[in-house]
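Undergrad: My structure is below; once you've seen it, I'll send some questions.
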Amino acid sequence: MRRLSFLVIVAALALLPVLWPDPYLLSVVAAAGIMIIAAISLNLLLGFTGQLSLGHAAFFGIGAYTSALLSLGFDVDLGFSSPLVVAPKPVWVAFAGGIVMASLFGWLLGKVAFRVRGAYFVIVTISFAQVMRMVALNWVDLTEGPMALVSIPPLSLWVPGEGVVRLVSKASTYWLVLAAGVLAYVIVANLVRSRIGRAAIALRENEVLAKSIGIPVTRCLIVFSVLSAGIAGAAGGLYAHTVRIIDPDVFLFIYTITMVIMVIAGGKGTLAGPVVGGLIFGLLPEMLRGVVAPEVQWMIYGALMILILLFMPKGIVPAFGGLLKRGRISVRRPSATQGASS
Amino acid sequence: MLIKPLYAMLLGGALLASQAQADDTIRIGVSQPLTGSVAASGTYVTNGARLAVEHINGKGGVLGKPLELIIEDNKSNPREAVNTAEKLILRDKVPVMMGAWGSTFTLATMPKLEEYGVPMVVETASSSKVTTSGNPWVFRISPTSMMEAQAFAKQLSSFAPAIKKVDFLSVNNDWGLGAAGAFKEVLESKGIEVGRSEIIAPDATDLSAQLAALKNSGSDTIIVTSGVEQLTLAIRQAAEQGIKQRLVTTGGSFPEPLVKNPGPKGYVSTHLLFFSPWTADQSIHPDIARTYMDAWEAKGYPFPGLTEGFRGYDAILTIAEAIRVAGKAEPEAIRDALWKVKLAGVNGDIAFHKEGPEGRESGQNTPNIYIIQLQDGEVSAL
Amino acid sequence: MDQFLQHLVNGTVLGATYALLGIGLTLIFGIMKVVNFAHGELYAFGAYVAYALVSLLQMDYFVALILAAGLGLLLGASIEFLLLRRCRLENIDEVMLIMIGVMIIMQNAELLAWGGVAKVVPTPFPQESIIIGGIYLSPTRLFVLGAAIVLLLAFYLVIERSRLGLAMRATFQDEDAARIVGVNVGRIYTLTFGLGSSLAAITGALLAPVFVVTPTMGDLASLKAFAIVILGGLGNIRGAALGGFALALIEEFGAAYISTAYRDAIGFLVILAVMIARPQGLFAARERVG
C-alpha cells in the first residue's frame, strides 16, 4: 500500500507536464525540485542523525562548480612545472564528478566537524561554507571568481529514435529533476531503513546510550555526511546545468537557511518532510510575488519558521500524521506521506 | 486525484492571477534587484523607469496605448534573474524587457532572451562579455568599463598635477575587477605607471588596512571602484589616514552621504559619473535632464538617486522609441527597430552600434561621461 | 614595514569593538549554550537607533549611545522572554533556529523601514585626524577605542564583583545548583540575553559614525563575532575579549602583508584551524564551560 501510493504520486507528478504544459509553471516547480533534493540531503544529517549542519550550501556549491568546471574544461597553474589542464568532459561525466567531489568534502568535513557537537559543530559547518565561498570568489583563475561561470552546457540524453537530445525544454528539465528527486528519495528511504540508518536514529535519540551498545558513532555519522554531501552535490550539478550560470553566491548562508526552513517546516527526520516543506517554501515565493513586498516575504518565512518551531516542532508531516491517526480522516495525500514517513 | 491538492494550491495562489492578458496597454518587463545587496541602486533605476513611463503616458503613450511596467525583483541573485525573465516572458508575455542591473544578472538572463526571442535593453552592466558573446537580443545603453577607461584617458590632461602613477582599490566583484583591468590597460598604453592593486570584499566596512598599505606606494592617484557605501567609507577613511593621493572613483557611483556629512575640510575627491544632477546644465540635453529631475523631485525620491535613476529613465525612453519605430509591440519588430533608434536621453544621444561576432551582433550605445569633484560637500565640474 | 605602527593602531581600535561584540555573544553562549544568530542584528539595531536619534531627531550623540544600549537591553530581554522561554534548553538546536528566524525578520524589517541606502551618522568630534609620529588616528576612532575599553572594564566588574554577576557565574557553572541556592534562573537568562544584546547594540551605535549604517551590516558582524568567540573558546569571556583583539590584528596584518582579497576569509580559516587543533579555544585554560 505504501509502495503503491508512492508510485501513484510519482506517476501523477510525472504527468504534470502533459496535463498542464505551462512552461512557467514547470520551470518554477523544477527550480523548487532542485531545492527539495538539497533539502532531502540536509534531512539526512539534520533529521536522521540530529546534527544541525548549517554549511550545507557548500556541498551544493561544490557539486555545482565541479560539474560546471569539468564540463567546460579549465587550466590552472598550481605552482608545479606545468599547469593542470583539463579538457571539457561529457556533461554526465562532469555531473558524476560533481557528486564525487561533494562526497569527498562531505567525508573531509565529517572527519573534522564530528569531533565536536552542538554549537561548535554549527559554527564549524558555517565556517566551512564561508571558506568555500571565499575560495570560489578569489581563485579567479579556476572559478572566474565574481565574474561567474557562464555558458555551462545543459545535460543531454540519448533518446531512441532521436539521438542525443539536449535537455533544455521546460518539460525535459522538469522530468530530469523529478527523476533525480525520486532517486534521492529512494536512496534516503533505503538508507534510513538499513542497519546503519537505524544506528543513526539511535544515535540521535541518545548518543551516550548508542555508544554504549556498540554503535560506531563517528563512522556512522561520516557515512551519513558523505551520502548527504553527495546528494547535495547532485542537486548543485542539476542547478549548474539548468540555470547555466553560477557565481560564488551559491555558497551563501541564506541558501542553507532556505534548505533548513524546508526541512524543519515539513518535518525533520521524516522522509516526506523535506518534500512537503520544499514544495511549500519552493512555491510560496512565486505565489507571493507581487502580492507583498519581498522584504515582507522574507519576514513571513522567518515568522513561519519561528511559529512552526514553537507550536509544531516536529513539522507539518508528523503533525498531520498524528491528526490522521487520532481522527481517522480519510484524506489520501497526507495518509500517503504519513505512510512513507514512518 | 492526487494532483488535485497541487492544483488547488496553485489556483489559490497568485500564480495564475496575472495570466489574464491586458491588450489595452503595452507591457514592458523590468528585472531589477529590489532586495539583496544592491537593492538601493536597483530601486533607483526602477524609479527612473517609472518616471519615464509616466512621462510618455502623459503625452499619450506609444501607438495610442499607454505603457505598463511589469516590475520583478531579481533579488540580487542570478538564479532569480533567470526566474524573473521566465516569469515576465512566459507568464506576462512582455514583448521587450529592461534589466537586469549588473553583468552577472544580465549574463544569467541572456540565454533566456535567445531561447524565447525577446529583446532586452541593458541599463547597467560593465562587463564586455554582455555584448561580445554573440547574443543578438541584447542592447546595452550603459558603458563598459573599457569605454569608461578610454573616456577617462581622453580627459587626462584636465588633471593637474598630471597623473603619473596609479594604484587601484577595487571591490571584489565582476565590476570592480573588470574596471581595474580596463583602466590598467588603458592607462598603461598612455604611459602611466601602474602600482598596487588592493581588493575589498563587497561587504567590508573597515578599509583602513588596504588604505594604509597604499599610503606610501609612491603613486599620485588611487582609482576606486565600488558602490556608494564603500566609496563613502573609502573617501572618509582615506582622509582620516592622511592619504595624499588623489582619489578617483569610477562606474558612475557617487558617495552621496558625503554631501550632507563631509569628511575633513579641504579634502577633494574626483568622480566619473554618467549623469551629474549637480551640473545638469552642462549635460548634452539640459532640457531632458531637467524634465527628469523635476519628475524625480516631485515624487520626493532622494536627490542622490538621480545619478543612478536616469539609467532606468533612458532605457524606457529607448524602448518606447523602438516600439514607436517598430509600429507594433512584438519582440522581433522591437529588436529590429532598436537598431534604428536615435534619440536624446538624460545621459546624451542614444544609438546602438554593432559589437560581437558577425551575424549575431549585440547593440552597444556610446554614453557620455562626466567628471566632477567633491570638496566639503560641494560638487563642481572638473 | 613603514606603516607597521599605523596598522597596529588600526587593528587595536577595531579589536576593541570586536571584543565588545565577542563578549556579548560568548556571555549568551556560556549561560544558555546557544549561538545567538541575531547578535549581528542587534548590532545593526544599535546603529539604526543612533541614526534615528542623531540624524533624524537631532539628539545628542552621547545620549543616543546610552539609549541604544538601553533599547538593546530591552529588545534582547523581550526576545528571550517571548520566544526562547518556551522551549529553552530542551533543544538548543531549536533555540538556534529560532534565532535564525529572528535574524531574518530583523534584517528585513530594517530593509523595509530604512531602505537599502546606506545611512550616515554625523560624528560629534572634529574630522581632522590626530597625527602623532606619522600615525593618523581620527578623534572619533579614539573615542570608540576609549569607550570600548571602559565598557570592557565595566562589564568585567559587573561579572566579577556584583551580585548579578555572581548569580550569572553560578548559573554558568551549574544551573541546578544555582537554582537550589535560590537564584532565579529564568530571570538570569532574560538578563543575560538582554545584557549580551545591549553590548551588541552599543557597539553598533559606537561604530555608526565611523562606518555607514546598512541593513546587511549585521551579517558580517555576526560572522566576526562567531570567529572571535571560537578563538577565545565558547563561553569564555576573557577569551572573547582577547580573541577580539587577536582577530582584528590578524586581519589587519594579514591584509597588509599577505592578501587583501582573503581578509574576511581569515576569520573562518582561524575557526577551522582552531577547531582542528584546539577545539576548546586558544585562551581556554580554566574558565571554559559547555
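Numbering starts at 1 and runs along the chain as it is shown here.
From the backbone N, Cα and C atoms, a Cβ is placed for every residue, glycine too.
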Undergrad: Pick from C:65-83, C:160-178: which range has transmembrane segment per TrEMBL?
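TA: From TrEMBL, the annotated transmembrane segment range turns out to be C:65-83.
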Undergrad: Quick one: which of C:45-62, C:261-278 does TrEMBL have down as transmembrane segment?
TA: C:261-278
Undergrad: State the residues, same chain only, that lie 6 or more residues beyond the ends of the transmembrane segment (C:65-83) and have a CB under 8 A from a CB inside it; answer 'none' if no residue qualifies.
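TA: Tertiary neighbours of the transmembrane segment (C:65-83) are 38, 42, 45-46, 49-50, 53, 59, 98, 102, 147, 189-202, 204-206.
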Undergrad: With the transmembrane segment (C:12-35) as the reference, which stretch in C:95-115, C:188-213, C:225-249 has the largest tally of C-beta pairs below 8 Å?
TA: C:225-249
Undergrad: Same chain only, please: residues at least 6 beyond the ends of the transmembrane segment (C:135-159) with a C-beta under 8 Å from a C-beta of the stretch. Say none if there are none.
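TA: Counting only partners 6 or more residues beyond its ends, the transmembrane segment (C:135-159) has Cβ contacts under 8 Å with 5-6, 9, 12-13, 16-17, 19-20, 23, 65, 123, 125-129, 165, 168-169, 199, 202-203, 206-207, 209-210, 237, 241.
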